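So that you can see what the record holds, here are the features copied from TrEMBL:
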type     : residues : note
TRANSMEM : 30-49    : transmembrane segment
TRANSMEM : 61-83    : transmembrane segment
TRANSMEM : 108-134  : transmembrane segment
TRANSMEM : 155-173  : transmembrane segment
TRANSMEM : 204-229  : transmembrane segment
TRANSMEM : 250-272  : transmembrane segment
Amino acid sequence: MITVPANGSIHGIPEYIEYIPVINYSVLQAFIPFVYIIPTVILMIVIYVKHRRAEKLMNKVYIDPNIFTLIICYFTFNLIFFVGDYLRLNLPSSGLITSACARTEPNWWYTLIIIFAYTGDYGTISCPFLTSIIRLTMIMSPHNHSKYCKMIMRRFVYPFLVLIPVCLTLRNIPATGYCRQLDSPFHFGAIVFSEGEFFLRINVFIHLFFSYLTFGSHVIMSGIMFFKIRTTSYNNSSNRTKVLSRKAELSLTLSMASCIVPFITNSIVSVINSSEIIQ
């Protein structure tokens, strides 16, 4: 039986130093994320280029520039989270770098990868909430929304996207990252970069709190927008207004659905992490 320290670190343990991964599904899963992330990156680049080209050549914008900026930010933070989570969990859990990690002393570079992953995650969680603020402003002030949205973007959205990920990850700076064995059902040699139980406990609490806060705010603002759109539709007998209202309602429904999946997955991950702490 292998004896590991209380924190689960594999550093210096001979069985992990001599570990050689067996090529199976667990190892190959390290490459699966590239199947969908590469086409997604290409697609987003094409969308961005076409949007900019249409804006310059035809002097016409097909989507509100503030919404488009937040979509690009959402994609960027998703990409950051993908890279960070891949380096922190997907690649180590395959066993491909287990031997190298066991030879490497705990250090701050592991912590930096963890901070990088959390930064992308918090940014991804923030974008739907911020998009709802912009859309609510457009609906509540249809005639002056351009001026108000620019002001909100400059004074609130951009600072929020920078300060929130930084402030929520600063607490990890004193942590010393290390490699530890993942619990069942992961196989022997499947590891993850960890910040330690103390910092993990704080991260789980803040992550859950921030997720519920932003998602709850997003739901409330979506409800207000639904009510406003329905009220406008009933008070206006124009067929065009009713068609636009139905499109707006569909857009809000799809936006809500797109936020539910990340919220659920983030909550599940946080709950699993908290259960590991209790154990």
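Just so you know, glycine gets a Cβ as well, placed from its N, Cα and C.
Two recorded stretches are said to be in contact when at least 3 C-beta pairs lie under 8 angstroms, sequence spacing 6 or more; the transmembrane segment (108-134) and the transmembrane segment (30-49) fall short of this definition. Counted as Cβ pairs under 8 Å, contacts with the transmembrane segment (30-49) are highest for 61-83 among 61-83, 155-173, 204-229. Cβ atoms under 8 Å from those of the transmembrane segment (155-173) belong to residues 66, 70, 73, 111, 114-115, 118-120, 122-123, 126-127, 130, 133-134, 195, 199, 202-203, 206, 210 of the same chain, restricted to positions at least 6 beyond its ends.
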